[in-house]
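Colleague: Sharing a structure here in structure tokens format.
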Amino acid sequence: MRLSRRPETFLLAFVLLCTLLGLGCPLHCEICTAAGSRCHGQMKTCSSDKDTCVLLVGKATSKGKELVHTYKGCIRSQDCYSGVISTTMGPKDHMVTSSFCCQSDGCNSAFLSVPLTNLTENGLMCPACTASFRDKCMGPMTHCTGKENHCVSLSGHVQAGIFKPRFAMRGCATESMCFTKPGAEVPTGTNVLFLHHIECTHSP
């Protein structure tokens, strides 16, 4: 019997062989980042430690202005959360992201709707601040909104081109933010946060 030379048949056979033999074949994900609710990029091979594709759409609201960004890339499965995360880092600084995690080639080529921002105060409060080039920050109490019921404190560095400045943030967050652990790489839509420290507590 002759083997098919069709590329799609060969690819399927290759994937099946990897699965059956436990070879751990590398994952291929679409890679891109752009302003707006869509981005399109090339398929690239993920590094051996990144076994998941991620699609993330983030919306930041600051001083009445809204910015939407989309991110697609490779990520470690333990760093990826499928769902919505909402944070408030000040009275006029809100961020909400919607993410989709998957583990097959090109699975993050889909489309996600821009998440809705719920700015309705829920009666809870947390200390809030943001700071660059620091590991800690202090700030006044701010009102939590929507389903935000935890106070979060986090620090690390930002992957911003060749620069990796430190940052610190505190504020309100949904419980989904608390699944993130130190050492995680967290895409936000515009860049990637490398977390050194994160602490979540129930809002008083």
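Quick reminder: no glycine exception, Cβ is built from N, Cα and C everywhere.
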Colleague: CYS32 pairs with which of CYS25, CYS39 in a disulfide, per Swiss-Prot?
Modeller: CYS39
Colleague: Among CYS18, CYS53, CYS80, find the residue that Swiss-Prot gives as the disulfide bond partner of CYS29.
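Modeller: Between CYS29 and one of CYS18, CYS53, CYS80, Swiss-Prot records a disulfide, namely with CYS53.
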Colleague: Name the cysteine that pairs with CYS144 in a disulphide bond per Swiss-Prot, restricting the answer to CYS129, CYS137, CYS172.
Modeller: CYS172
Colleague: Could you identify, going by Swiss-Prot, the member of CYS18, CYS74 that forms a disulphide bond with CYS46?
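Modeller: Within the candidate set CYS18, CYS74, Swiss-Prot assigns the bond with CYS46 to CYS74.
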Colleague: Between CYS126, CYS129, CYS137, which residue forms the disulfide that Swiss-Prot gives for CYS151?
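Modeller: Between CYS151 and the options CYS126, CYS129, CYS137, Swiss-Prot records the bond with CYS126.
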Colleague: Swiss-Prot annotation: CYS101 disulfide-bonded to which of CYS80, CYS129?
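Modeller: According to the record, the bonded cysteine is CYS80.
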Colleague: Can you tell which of CYS107, CYS129 Swiss-Prot lists as bonded to CYS102 through a disulfide?
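Modeller: Within the candidate set CYS107, CYS129, Swiss-Prot assigns the bond with CYS102 to CYS107.
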Colleague: Disulfide-bonded residues CYS29, CYS32, CYS53, CYS144: which have a Cα within 10 Å of CYS46 (disulfide bond)?
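Modeller: Correct set: CYS29, CYS53.
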Colleague: List every residue in the same chain as CYS29 (disulfide bond), at least 6 positions away in sequence, whose Cβ is under 8 Å from its Cβ.
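Modeller: Listed in sequence order, they are MET43, LYS44, CYS46, CYS53, VAL54, LYS72, GLY73, CYS74, ASP105, GLY106, CYS107, ASN108.
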Colleague: Filter the disulfide-bonded residues CYS32, CYS39, CYS144, CYS172 down to those whose C-alpha lies within 10 angstroms of the C-alpha of CYS126 (disulfide bond); answer none if the list is empty.
Modeller: CYS144, CYS172
Colleague: Run through the Cβ atoms and count how many others sit within 10 Å of the one on CYS144 (disulfide bond).
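Modeller: Its Cβ has 25 other Cβ atoms within 10 Å.
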Colleague: From the disulfide-bonded residues CYS32, CYS101, CYS102, CYS144, CYS172, pick the residue whose C-alpha lies nearest to the C-alpha of CYS151 (disulfide bond).
Modeller: CYS172
Colleague: In the domain 'UPAR/Ly6' (27-117), how many residues does DSSP assign to helix, to strand and to coil?
Modeller: 6 helix, 52 strand, 33 coil
